[in-house]
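**Student:** For reference, TrEMBL lists these features for the protein:
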- 80, 91, 188: Zn(2+) 1 binding site (BINDING)
- 91, 126, 379: Zn(2+) 2 binding site (BINDING)
- 210-307: domain 'Peptidase M20 dimerisation' (DOMAIN)
- 213, 273, 286: allantoate binding site (BINDING)
Ligand SMILES: NC(=O)NC(NC(N)=O)C(=O)[O-]
Ligand SMILES: [Zn+2]
Ligand SMILES: [Zn+2]
């Protein structure tokens, strides 16, 4: 890749990230106005490059450069366009724009491919607005998505989706969901410290951890903060804190590498002189074995059950579950050879973050390429990757696509 091409990739990243200007981090929650503008911009760049663009019912965008010999064999590449709230500049977006850059480089240096190359910009992966994750790749691969869900403001998934997808109907875009590809490659930032700590340039992903997400709802009794005796309260927040603290130690006891995160909490009425009557909080838990996750799910249900009192009742609802996933060995070893040939230092590692690749891997041969995250930070505005590392990831991806599609 030349300096001009690197500048183009940087410029495109900045253009999309500029859409959240003035905000804390990136806020492309699925179907939000910023999300719409970002997906529209990606579509425009694809059309400018002469790619055949289609958008499906969920707003996932597919951009094809049809193969000259085997147009029906599809080599797909891509990632997701959405972010978490107050997210970083590279999670998801790098895989979409890195893929676009690789395709542009290939068209310039090698012309049309023999097999079709497809860039996919998945509508949603993070599960940050509606209570479901990977809805873009699930829809593409015909897996079930909960269509009846609503966001915290009560907006239904269906209304948000129809509204936003209508705005992607630009001239030159067809409305369709294409068939499934023969392979899928996702380029992504590592989001953790392993590559950067060992000063490695590339990570090749062997597997992705299993992940489950829950909402715990605690119902107590709201009452006056000054007049209600301390031993007569039904404080929902106090109970939530007890549950969280007990679950955290039980998780650690079960397995010290099992992750346990409470990232979201709603307190009602959330005012200083009222005892909280109603609290909800999320649990995100992950590990590399389903057996440990099953055990911890059992513990969650047990701890919530054991802490019921006459005045405080708690319930737990699991709304997301993704399985431990092993990615394709052959694609990984092909990419390992390319990385060695290009002189990139690398390692093979498992991912602690969830990815569309684990959904794609259920239907097609799938592989992932990681580049280092500075200070191992992600899902935060400080998320960063050096230009040299961004470049190396795209170079490896370009060579992999060349090998697979030409
Ligand atoms: N690459 C990601 O940040 N993925 C995130 N999102 C999902 N759905 O797993 C996560 O929380 O790990
Ligand atoms: Zn993410
Ligand atoms: Zn991501």
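A Cβ is built for glycine as well, from the same backbone N, Cα and C atoms used for every other residue.
No curator has checked TrEMBL annotations; they are predicted automatically.
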**Student:** For the binding-site residues listed here (188, 379), which one has the lowest count of neighbouring CB atoms within 10 Å of its own CB?
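**Tutor:** Comparing Cβ neighbours within 10 Å for the binding-site residues 188, 379, 379 has the fewest.
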**Student:** Could you give the number of helix, strand and coil residues in the domain 'Peptidase M20 dimerisation' (210-307) as assigned by DSSP?
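**Tutor:** Computed counts for the domain 'Peptidase M20 dimerisation' (210-307) are 39 helix, 33 strand, 26 coil.
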**Student:** Could you state the CA-to-CA distance between residue 80 (Zn(2+) 1 binding site) and residue 126 (Zn(2+) 2 binding site) to the nearest Å?
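**Tutor:** Distance (Cα to Cα, whole Å): 9 Å.
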**Student:** What number of additional C-beta atoms lies within 10 angstroms of the C-beta atom of residue 286 (allantoate binding site)?
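**Tutor:** The answer is 23.
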**Student:** Rank the binding-site residues 91, 126 by how many other Cβ atoms lie within 10 Å of each Cβ and give me the one with the fewest.
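**Tutor:** Fewest other Cβ atoms within 10 Å, among the binding-site residues 91, 126, is found for 126.
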**Student:** What's the CA to CA span in angstrom from residue 286 (allantoate binding site) over to residue 126 (Zn(2+) 2 binding site)?
**Tutor:** 15
**Student:** Near ligand 2, which of the binding-site residues 80, 91, 188, 213, 273, 286 have CB less than 6 Å from any of its atoms?
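**Tutor:** List returned for ligand 2: 91.
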**Student:** Checking the binding-site residues 80, 126, 213, 273, 286: which ones have Cβ within under 6 Å of ligand 1?
**Tutor:** 126
**Student:** When the Cα of residue 379 (Zn(2+) 2 binding site) is compared with the Cα of each of the binding-site residues 91, 188, 213, 273, which one is closest?
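**Tutor:** Out of the listed candidates, the nearest Cα belongs to 91.
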**Student:** Cβ under 6 Å from an atom of ligand 3: which of these binding-site residues qualify? The list is 126, 213, 273, 286.
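**Tutor:** If the test is a Cβ under 6 Å from any atom of ligand 3, the answer is none.
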**Student:** Rounded to a whole angstrom, what is the C-alpha distance between residue 126 (Zn(2+) 2 binding site) and residue 188 (Zn(2+) 1 binding site)?
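**Tutor:** About 14 Å separates the two Cα atoms.
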